[in-house]
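Only one structure is covered here, and it is reproduced in the block below.
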Amino acid sequence: MAAPWEDVLRDEAAIREAASVAVDAALLEGVLMRTEGEPNASDVVNYAPFTLLPSAVPSALFEQAYAVQQDFNLLVDAISQNKEFLEHTLASTIKVDDFTARLFRIHTQVLEEGLAQSVFLGINRSDYMFDCGVDGTAALKQIEINTIAASFGGLTSRTAAVHGQVLKVLGKSKEASRLLPNNPSKGLALGIAKAWELYGSQSAVVMFLVEEVQRNIFDQRCVENELWNRNIRVIRKRFRDVFEKGSLDDARRLYMDGQEVAVVYYREGYVPKNYDQQNWEARLLLERSRAVKCPDIATQLAGTKKVQQELSRPGTLERLLPGRAEAVARIRATFAGLYSLDVGEEGDKIAAAAIADPNQFVLKPQREGGGNNLYGEELRQVLEKIRDSPERTSYILMDKIKPQPAMNYLLRAHSPLQVSECISELGIFGVYVRQGKEMVMNKAAGHLLRTKAIEHADGGVAAGVAVLDTPYLV
């Protein structure tokens, strides 16, 4: 998948000039992160890491990823409403994975009490790689779907302008004009605004639930500003604020500092380290409330790796999406091989196959946030250690996807300018809003391309491995 700038990569002087322009353009456009040294202060910031040049993406696969996003939105929503499916699918996992078990306990408790929430908002991002077959043709294969705190919709809204400027400086104005406009932050905000409107209180606020360390604040501000532009008031709070100041009235309306909260948008709460006992209590309070949670806890559970693996079993999609044969076919076409490590003959067989040939597989725990997957020798060692233990059921195995690398420069603050062999991952943002049983909004809201050097097996932008990129369709 060669992009039309092979010639440029060999011109060192042109590359150096373009890199200088690129960094200034990123700062001008607001492709920013706080620094590691001052992660909660905005008086010293730097550019978020990004590629010097846009990366080639096959247009047919790009269109396929967009075309299936509404189907994935419907699927995630269907799973979140199917308590029996979640219970059955996660039964083995919650015995050995305390984090998933605690989420599931809250889910059960809220259902037993009766849902106060009647409007449901889903913001997810479905991530893909381009698997290069033996004959050299590329196929779209899903890595995972993120149903909580899917990030970089804001910064990627500003990255295409940077790449357009770089291409112009390199004498490629025609190519620059072919870069697609992309504004996920606007699409995400549309979903939040719709949920806020359906909640039905003009004076209620949207609450961004944010982490203690907030390096990626500008990404969130992009979405936040879209809401302010619609005169929707936004507050930013942490779990500990909810624990200390959050309350429910008799109708289970949520109040923070005396303000009614219509929508809780989670940018936190996706990994075990986000929780101590107080934070678990805060999460339960939020889930019990009438406020629209994005995501509610059932939707967070729908994004677990174990659910992803179960979806690949014959007949599962048909049961979850009855009468939607075309949607099922579109979804299934994106699946890579996924395998259960449940205790029993099937799990024993696949564990043995992975230990014998670890380079064909990826071992995935039930975690979001990047940097958790295991490959190669590390995969073999972990599987050998847990092969006879129930602990193995907290993982799934997936066929390793083999993309075709391409050369690019990865621009990071305080790092030398050097060419790297890179692979890319395409994410499509999806937004849906359901009121009762009626789907009020269901759309693809934009895309995110992330690129990393091939020596890094796993990890995204927030984990410090991948960098922001723009697709150049070929």
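Note: Cβ is positioned from N, Cα and C throughout, glycine not excepted.
Taken from TrEMBL, the feature substrate binding site applies to ARG125, 148-151, 214-216, GLN220, 267-270, ARG450, 461-462. Residues annotated as ATP binding site in TrEMBL: GLU144, LYS305, 364-373, TYR375, 398-401, GLU425, LYS452, ASP458. The feature Mg(2+) binding site is assigned by TrEMBL to GLU144, ASN146, GLU368. The domain 'Glutathione synthase substrate-binding' annotation in TrEMBL covers 204-302.
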Secondary structure tally of the domain 'Glutathione synthase substrate-binding' (204-302) (DSSP, helix then strand then coil): 40 helix, 26 strand, 33 coil
Average pLDDT across the domain 'Glutathione synthase substrate-binding' (204-302), rounded to a whole number: 98
Proximal residue to SER151 (substrate binding site) among binding-site residues PRO365, TYR375, LYS452 (C-alpha distance): LYS452
Those binding-site residues of ARG125, ARG215, PRO365, TYR375, LYS400, LYS452 having Cα within 10 angstroms of ASN146 (Mg(2+) binding site): ARG125
Fewest other Cβ within 10 angstroms of its own Cβ, chosen from the binding-site residues TYR270, TYR375: TYR375
ARG215 (substrate binding site), number of other Cβ atoms within 10 Å: 17
Fewest-neighbour residue among binding-site residues, criterion Cβ within 10 Å, set ARG125, LYS400, LYS452: LYS400
Other CB atoms within 10 A, centred on GLU268 (substrate binding site): 21
